[in-house]
Amino acid sequence: MEIILSAAIGILSASGIWLVLRPRSFQVVIGLCLLSYAVNLFIFSMGRLTPGAPPIMPKGGFIDPTLYADPLPQALVLTAIVISFATTALFLVVMIVSRGLTGTDHVDGKERSQ
Amino acid sequence: MAEHNLFLLLACLPFATSLILLTLPQGARGASSWLSALSMAGGLAVLFAFLPEIQAGNVLRARLEWVPSLGMNMALRMDGFAWLFATLVLSIGLLVVIYARYYMGRNDSLPRFYALLLAFTGAMQGILISGNVLVMVVFWELTSFMSFLLIGFWHQGAAARDGARTALIITALGGLCLLVAMLMLGHAAGSYDLGMILRAGEKIRAHSLYGPMLALFLMGAFTKSAQFPFHFWLPGAMAAPTPVSAFLHSATMVKAGVFLLVRFAPVLGGTEAWFFAVTGAGCVTLVLGAVVALYRHDLKGLLAYSTISHLGLITALAGIGGRVALLAAIFHICNHAVFKASLFMAAGIIDHETGTRDMRRLSGLFRPMPYTATLAIVAAAAMAGVPLLNGFLSKEMFFAEAVDWHNGTWLDDALPYFAIVGSSLSVAYSLRFIATVFFGPQATDLPKPPHEPPAWMRRPVELLVLICLLVGIFPALTLGPIINTAARSVAGADMPYYKIAVWHGVNAPLMMSLAALGVGTLIYALSAKSISDGPEGPFLLHRIRGQRVYDWLLFRLTWRLPRLALRWLSTEALQPQLRLLVLTAIAVACGALWGALSFASDLRLHAPNPGFGLLWLVGAACAIGAAWQAKYHRFAALVLLGGAGVVTCLTFAWFSSPDLALTQLLVEVATTVLLLLGLRWLPKRRSEIAEDKLLPAKVRRARDLVIAVIGGLGIASIAFAMMTRPLISNLGDWFLGNAYYEGGGTNVVNVILVDFRAFDTFGEIAVLAIVGLTVYALLRRFRPAPESVEAPDQQTLADSPSLDDYLYVPSVVMVWMFPVLIMVAGYFFFRGHDLPGGGFAAGVTLAIAFLVQYIGTNVRWVESRITVLPIRWMGIGLLVSVATGMGAWLFGYPFLTAHARYVHIPLVGEVPAATALLFDIGVFATVVGAVVLMLVAIAHQSLRASRRREMDEAAAARKEVA
């Protein structure tokens, strides 16, 4: 499982990095989305993989933390998901406004000069 | 205690007055001048109340804590020297205030002028009376800053702006050097307290940092007191209104530098380095300033260079550093301030009443303005050092020191000659001033017919000239005692009383004075003609100008160099920046992990599940496909992105993270809709970009691919190394153990978000709200690309199916789903504290419920039925969460402390009713508002576009009819 997930993180981030370095604004937006998946999974995996033990407690009594998944990376990632939605929205709007303003979808607002 | 408060009052009075003055209306000339004069007079009254204490040799202190952790206390300290200097500053300040009332024109805002002047006075006084060297530097920089505003008071003129800027750059730069010097000084002395430092001279001179300390200290003092080679800012500062020049260049600004030299001479002085640097610079400045002064045609230019020259004299005395030399320096500080202030004011009167300051045009003014002329002649004579005037006494003391004092160096031997040359030239330029301006044939082509100024404009000059005479004739009765007190406070309490006398018998200094008078007269007589016809400087020397060197340097440093650096080191293009960012990240990771990245000996592995493998086969294909297609097939890329998102979501669910899976799924829906709406305004790429097939583009892609693969491999291996290590006990365990007892909830992730780390969450929703508003603002003035303004093909093609029945069944379903979705949102919200759900998830769900209505029908249909006010949702959400947080204050707990309990609601059962739930309501409302605001703002663009199309069509139709 660990091999699969780390390979997945690698592929997601490689695709994201490649797209972020592209010249068209839509590519960069998609790249950032892919990168945010990769990073979220990466942070999440720092809590190790624990199938079938969500951090939902019984009401009271002794609690053995080793029986549950680590809640901290989950909390971090939860807010990261919402924030990355917000940044995607912002980039998207900047992208279409810039396209309307400059007439090109190049990230610099002008085509590469030869 | 009364004295303590009076001292504080003295320090604050100018600043307080300055603030009041700023509130006065522009035209309040009388009120503002009265207020400023009263403030100066009030300060003087306080000073005179201190006189008995000071005369007794006591040191007054006051103290306010400011930044105790840095050893920076607002300590005030006043001894004889500071008292004398402060009195000088406030007296001349008072006279300048009176003078400026008549000098400044109708169009100048007097309240603003006085406000700046008073603030400057406060800063200057602050230097004098601060008892902590760091505070002193703060006031020091404040004088630089205020003098910038004062010199540039007539900011309409380029000369004033340039002069002000030069003065600021030079003196503030010096101030920075001084700050470093003071830090070293405090370090060497072990305290930043002035009194402690003054007592620690031995220790400081023996310190290993003495050399750099002295150099930096002198940089500060020399730039401020316009010593060579930093002298050139002072003539430039003559673009200031004359009252400013009279104040800044007689008693204050430039004197701050020599104040510092005299104050610290017993601490830093006495070494050979000090003597050569200080006396050397002083002598060069003394002679050079006098030479250039002789050649200036501008009246104020002459006075400016004369000021430089006299400051050189004081500096030379401070460099000698003996007790009598220090006393002479203090005495000359006072004398120079008095006669130079009166001369500047006289020059101002001449300028004011004739309209010019050019000595080649001015002539024979004695006849139309006899009083002013007499006053100016006496003051100029004092400047030249004519007997029975105050300038004579201190200059003779300088001669005596030059002759009597020895330390056996060549500079010491040369000192008398420097003194003689300097004073002869001083006599010559004073003579030139008197002879050309007041005597000779009366000028006829002056811009204004000359006449005497208003009586009160002359009063300050009269008083100052009277002081010149009184001090010159009865030195022991007037200034003698207080000068001695001041010198004693600097040089040591055991200094014997020095009797200042007019007549010491026929001795070397007297001979030197007479020689200087004779030689000076001769110089002027021989060169008067050639000077007034020639350029503004002696042979060849006028070609070398400090100002020009400075301009050249400034231009290079602040204009050319930054632009060169920008061109070489920076780029506006995004791609190289991002590439650099990624490469740096890779390099930093490599640097940190090189040789340290190892895998655990006993890998902690779960057996691979084929289902999971298959899942990520699809996920990886989606990711790569999205990367592949994003350029030419945006829609396909978007679908593939969604695929990768869903697989991510399932991974969260697989590994015990229901909250994440839920949120990811909901956000995925919102993101996809958002991007779809955005795509509508991004015109379709109709043809391939030709350049893409060229070799450079292929090389770029290959290079980026290599970077991406390296980055991906790196992250994958770090992730693998981490995941396979045994989990060590960490913070998460505490959260698990305490979520229920401390946070009153069983869903630990939610408890962390709304209770333990609620402040973070508050920050997050604030960011979300800001982004929402930004998106909204950006779209309000949105001009879409011209290609996408037209209605899409589906709406325009003639044979397309009628839009009336478009998505008819789904839209009915979607409308019916509305209450169900609201229900679901509520369910997510209430169970959030105990089970997966919570404010974020519920908020996005409700937003999707609204969104579905927009998709299923159309904007007009929805908005005629429900009104969503997203900005209010956001505002109320933020307010609710802040109010919940502040509620904790009522019970004496820190911000956002939560209280938890369960309440029993009939039919529903036990419901967690923590205050965290209230906070979660805030989160919920903010999320709803922000998401709806963004989506609706984009969706509304279609409405705007169709409205614009309709208007265009109507206009076209009208045109056809016409």
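Every residue gets a Cβ built from N, Cα and C, even glycine.
Curation does not apply to TrEMBL; its annotations are automatic.
Here TrEMBL flags B:69-114 as domain 'NADH-Ubiquinone oxidoreductase (complex I) chain 5 N-terminal'.
Under the heading transmembrane segment, TrEMBL lists B:80-101 (among others).
Feature annotation from TrEMBL assigns transmembrane segment to B:113-131 (among others).
Annotated domain 'NADH:quinone oxidoreductase/Mrp antiporter transmembrane' per TrEMBL: B:130-407, in sequence order.
Long-range contacts of the transmembrane segment (B:137-155) within its own chain (CB-CB distance under 8 A, at least 6 residues past either end) are made by residues 108, 113, 116-117, 119-120, 123-124, 126-127, 130, 161, 163-165, 167-168, 171-172, 175, 178-179, 182, 220, 224, 237, 239-241, 244, 248, 252-253, 256. The transmembrane segment feature in TrEMBL is assigned to B:137-155 (among others).
Look at TrEMBL and you will find B:414-440 (among others) tagged as transmembrane segment. Tertiary neighbourhood of the transmembrane segment (B:414-440): same-chain residues 279, 283, 286-287, 290-291, 293-294, 299, 302, 305-306, 309-310, 312-313, 316, 350, 359-360, 362-366, 373, 376-377, 380-381, 383-385, 395, 398-399, 402-403, 405, 512-513, 515-517, 519-521, 523-524, 527-528, 531-532, selected by CB-CB distance under 8 Å and a gap of 6+ residues from either end.
Annotation source TrEMBL lists transmembrane segment at B:461-483 (among others).
The annotation transmembrane segment is assigned in TrEMBL to B:580-599 (among others).
As annotated by TrEMBL, transmembrane segment applies to B:611-628 (among others).
Residue counts for the domain 'MrpA C-terminal/MbhD' (B:620-684) under DSSP, split into helix (H, G, I), strand (E, B) and coil, are 53 helix, 0 strand, 12 coil. Residues annotated as domain 'MrpA C-terminal/MbhD' in TrEMBL: B:620-684.
Annotated transmembrane segment per TrEMBL: B:635-655 (among others), in sequence order. Listed by sequence, the residues of this chain that lie at least six past the ends of the transmembrane segment (B:635-655) yet keep a Cβ under 8 A from its Cβ atoms are 612, 615-616, 618-619, 622-623, 625-626, 629, 661, 664-665, 668, 671-672, 675-676, 679.
The average pLDDT the prediction assigns to the domain 'MrpA C-terminal/MbhE' (B:699-795) is 86. Taken from TrEMBL, the feature domain 'MrpA C-terminal/MbhE' covers B:699-795.
According to TrEMBL, the transmembrane segment annotation covers B:702-723 (among others).
The transmembrane segment annotation in TrEMBL covers B:761-779 (among others).
Positions annotated as domain 'Na+/H+ antiporter MnhB subunit-related protein' by TrEMBL: B:810-932.
Look at TrEMBL and you will find B:835-855 (among others) tagged as transmembrane segment.
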Residues in the domain 'Na+/H+ antiporter MnhB subunit-related protein' (B:810-932) grouped by DSSP into helix, strand and remaining coil: 84 helix, 8 strand, 31 coil
Long-range environment of the transmembrane segment (B:611-628) - Cβ separation under 8 angstroms, sequence gap at least 6: 636-638, 640-641, 643-644, 647-648, 650-651, 654
Sequence-remote partners of the transmembrane segment (B:876-896) [C-beta within less than 8 Å, at least six residues beyond its ends]: 758-759, 762, 765-766, 769, 915, 918-919, 921-929
Recorded stretch, among B:113-131, B:461-483, B:702-723, maximising Cβ pairs under 8 Å relative to the transmembrane segment (B:580-599): B:702-723
Within-chain partners of the transmembrane segment (B:702-723) [C-beta distance under 8 Å, separation at least 6 from its ends]: 579, 582-583, 585-586, 589-590, 593, 597-600, 604
Other parts of the chain folded back onto the transmembrane segment (B:461-483), taken as Cβ under 8 Å at six or more residues beyond its ends: 55, 80, 83-84, 95, 99, 327, 330-331, 334-335, 338-339, 341-342, 345-346, 349, 372, 375-376, 378-379, 382, 387-393, 499-502
DSSP-derived helix, strand and coil totals, residue by residue, for the domain 'MrpA C-terminal/MbhE' (B:699-795): 76 helix, 1 strand, 20 coil
Residues of the domain 'NADH-Ubiquinone oxidoreductase (complex I) chain 5 N-terminal' (B:69-114) by DSSP state, where helix covers H, G and I: 31 helix, 7 strand, 8 coil
